[in-house]
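Enquirer: Dumping what TrEMBL says about this protein:
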| type | residues | note |
| --- | --- | --- |
| TRANSMEM | B:12-33 | transmembrane segment |
| TRANSMEM | B:45-65 | transmembrane segment |
| TRANSMEM | B:95-116 | transmembrane segment |
| TRANSMEM | B:122-144 | transmembrane segment |
| TRANSMEM | B:156-172 | transmembrane segment |
| TRANSMEM | B:184-202 | transmembrane segment |
| TRANSMEM | B:209-228 | transmembrane segment |
| TRANSMEM | B:264-282 | transmembrane segment |
Amino acid sequence: MIEVRNLVKKYGNHLAVDHLDFKIEDGRIYGFLGPNGAGKSTTMNIMTGYLGATEGEVLINGHDILKEPEEAKKHIGYLPELPPLYMDMTVREYLEFAAELKKIPKKKREDSVTEVEKLVKIKDVENRLIKNLSKGYRQRVGLAQAVLGFPEIIILDEPTVGLDPKQIIEIRELIRKLSERHTVILSSHILAEVREVCDHILIISKGKLVASDTPENLEKMMGDADTVEIETKASPSQIRELLKNIPGIEQITCESGQDGVTCAQIREKRGEDVRESVFRAFAENRQILLTLKNVHVSLEDVFMELTQRDTVPDAFSRKQDDFSRSRAENVNITVKEEKTQSVPEEPDEIAENPETEWVDTDREGDEEDAGNL
Amino acid sequence: MLAIYKRELKSYFQSMVGCVFIAFLMVFTGIYFMAYNLMSGYPCFSYTLSGSLIVFIVGIPLITMRSFSEERKNKTDQLLLTAPVSLGKVVMGKYLAIVTVIAIPNVIFCIYPLIIKSQGTAYLMVDYISILVFFLLGCVYAAIGMFLSSLTESQIIAFISTFGILLVLYLWDGILSMLPSSALSGLVGVLIILSVAAFYIWQMTGNAVLAGAIEIIGAAAGIITYIVRSSLFENLLSNLLGRLALANVFTDITSNSIVDITGIVLYLSFIAVFVFLTVQAIQKRRWS
């Protein structure tokens, strides 16, 4: 188990890691997700003892990485961003060197090297010099080095960079296989990869931890309302008039397109499906509806939402609060700010239908909000 | 430590650097041996060795330049620093590998006095001690080179800076003779050294009060001593800095057959200091 407490890393005036706090439980696959320069590699380097932290501490199975480095490092296998390979050694020599460095007893050394070679499928190149290997093979040798001795925690910094699709799939399978016996932490900026492999995602942005949950929960959290997208020839004011009385609509954002076509995003409350009512409303009023489709919030949206805005932590914590509360009480709770804004404008609506919360979106704040989703 | 030592040693001979160094040293010594001992019939091998000293100045930077700078550039230091091995052991492993490379030609040198003996009188004691001191001097140079290599990512910079420092140390006696010997200049010199030390302390600790206090107290003590007994400052600079002429311990043996035990202790302390500084330089980089 790894505990990271209040971790800070400063490079001069630049804050690379900003008060990180998280726990890594045993036997799961964790994904570090974040845009370039978010501090993923720095965090991993500190966790493995390569760099010292400005503040805070890292405990590996209860051993502080700085105070008891040798004890703590025994539990970790690390593949850095650039595999640390000695180009003038053969694969076999290199792995035997790494095994000795990791204090694997002499008798077991041969066997464990052979075992990892088979595991990452580099047995057939074991007598070649590393400098003559392709990028993909080098990456695998680096991975073999990390897995060597089967430490409890395996930390992989962007393990699939530079690999071809077939190799990527192989490495993913390998990671899944490893997770049966080990805790695996991997970093990536490729969402699909993290989504597919990891049990738990930690999203880091500008050195801060902005989200930590399972992929499914993250999607749910952000997608507490699914969105229906429509294209119509009605004007925004007509749309508003038409949809006014449909319960289950939370927010409407209109955007005028070309040729008199208006595109509108209708945010539904969770669990509601308003497509039928929307269709009926348009049909009954003889308005032309060109498109009507459901848009799901994907992990990509979550990622963008969390990492692209300056106000990320607030937005996230608010949503997280809402989410956890709604999970507990099993009621729909809408974002408070919107409620307070809409109260003075449309008191009747609220009074009539207290559960329905729908907001005129021509206002600036909502426009911005919608644009980002 | 053993793993790193073995890997380093192997890589010295795989990358030819070790072979080139040994060959270079052997060829030069061979030429001097031919000229002095065999052709001119001079019975001391130690004298031949003093000619080879210049080879160290080029050769040692050659073998130390890559020790840490290459690791850092290729990021292989990540493997060493995240392995369950303490940093001190990593540095010692590497240093011992360099020392081994330097030891190989010195072991071969041990044959030369026997060759001389087979042809007549030989001064074995002096010759063997001079080989030992020659080897130790190489180890001191290697420690300096390794330290400089740990400061930079570029092998070229490591080579040039080590070469420069070794060359200055080699020419140190000549440089010292240019220093003035009057008492006043001794005082000025002491004050300059003091100021540099105070500035360094200020840079390292960021504590202006501490550095200022050291500067003021030191300067006051120096000036008072100067007023009371100015004769103390005569030749002070050349005496003080003359200690840095490391090769003197060795040349004393070769030219005068005088073995200075304090000199050997000085060598060992220099090695310890620079190995320690190497560890600290790498530690510092982890924290900044």
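Note: Cβ is positioned from N, Cα and C throughout, glycine not excepted.
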Enquirer: Under a Cβ pair cut-off of under 8 Å, which of the recorded stretches B:12-33, B:95-116, B:122-144, B:209-228 contacts the transmembrane segment (B:156-172) most often?
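Expert: Highest pair count goes to B:122-144.
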Enquirer: Do any residues of this chain, six or more beyond the ends of the transmembrane segment (B:45-65), have a C-beta under 8 angstroms from a C-beta of it, and if so which?
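Expert: Beyond its ends, the transmembrane segment (B:45-65) has Cβ neighbours at 12, 17-18, 20-21, 24-25, 28-29, 32-33, 36-37, 98, 101-102, 109, 112-113, 116, 122-123, 126-127, 130-131, 134, 137-138, 141-142, 145-146, 148-149, 155-156, 158-160, 162-163, 166-167, 170, 247, 250-251, 253-255, 257.
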Enquirer: I'm a bit unsure how to read this: which one of B:95-116, B:122-144, B:184-202, B:264-282 has the highest number of Cβ pairs shorter than 8 Å with the transmembrane segment (B:12-33)?
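Expert: Most contacts with the transmembrane segment (B:12-33): B:95-116.
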Enquirer: Six or more residues out from either end of the transmembrane segment (B:264-282), which same-chain residues have a Cβ under 8 Å from its Cβ atoms?
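Expert: Residues packing against the transmembrane segment (B:264-282) from afar: 68, 77, 81, 87-88, 91-92, 95, 133, 136-137, 139-140, 143-144, 146-147, 150-151, 243, 246, 249.
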